Amino acid sequence: MKYRIISVGRIRESFYLEGVREYLKRLGPYTSIELIDGLEEKIGPRAGEKEIQAILQKEAEKIRRWLDKDEILVVLDLEGQVRSSEEMARQLEKWNASGKSRVTFLLGAAHGLANEIKQQAQETISLSRLTFPHQMAVLILAEQIYRGFKILKGEPYHR
């Protein structure tokens, strides 16, 4: 099973990027994982709802280019299901046994994701009911994927 994290927003802060890269590297012995970021369209601070929806549609077109039919799409959204680390590990195990080629985690930028992209998802999860900057959410997600694999292997890390 391969994994992919798509972050519509670019990871600009070096400390977040270094952390994400570290967890992706640590995942190497367990799975193949890649990060795609920077699909975000520019939007002015005074954009109205109509302009925001148009931007979300443009971002949706970019996202679709990265999606495959033979994958599990997992959208991260504040309204998604919150899981414990142990539950996340069990879900990783189920996805690994699904016969699909890849699991793609998708995180929107500041204005979220187009509804049509959300509706394509097989799963919608939330890291927390708290709101995080998208860069931090990518880092937390990468860490939780790593933690999940460590739990599944019964290896020390998770306490």
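Using N, Cα and C of the backbone, Cβ positions are placed for all residues, glycine too.
Other Cβ atoms within 10 Å of the Cβ of S128 (S-adenosyl-L-methionine binding site) number 10 in total over all chains. Annotated S-adenosyl-L-methionine binding site per Swiss-Prot: L76, G108, L127, S128, R129, L130, T131, F132, in sequence order.
Least crowded of the binding-site residues (L76, L127, L130), judged by neighbouring Cβ atoms within 10 Å of its own Cβ: L130. For F132 (S-adenosyl-L-methionine binding site), the count of additional Cβ atoms within 10 Å of its Cβ stands at 16 [all protein chains shown]. When the binding-site residues G108, R129, T131 are scored by other C-beta atoms within 10 Å, G108 scores highest. Of all residue pairs in the S-adenosyl-L-methionine-binding list (L76, G108, L127, S128, R129, L130, T131, F132), the one with the greatest Cα separation is 16 Å apart.
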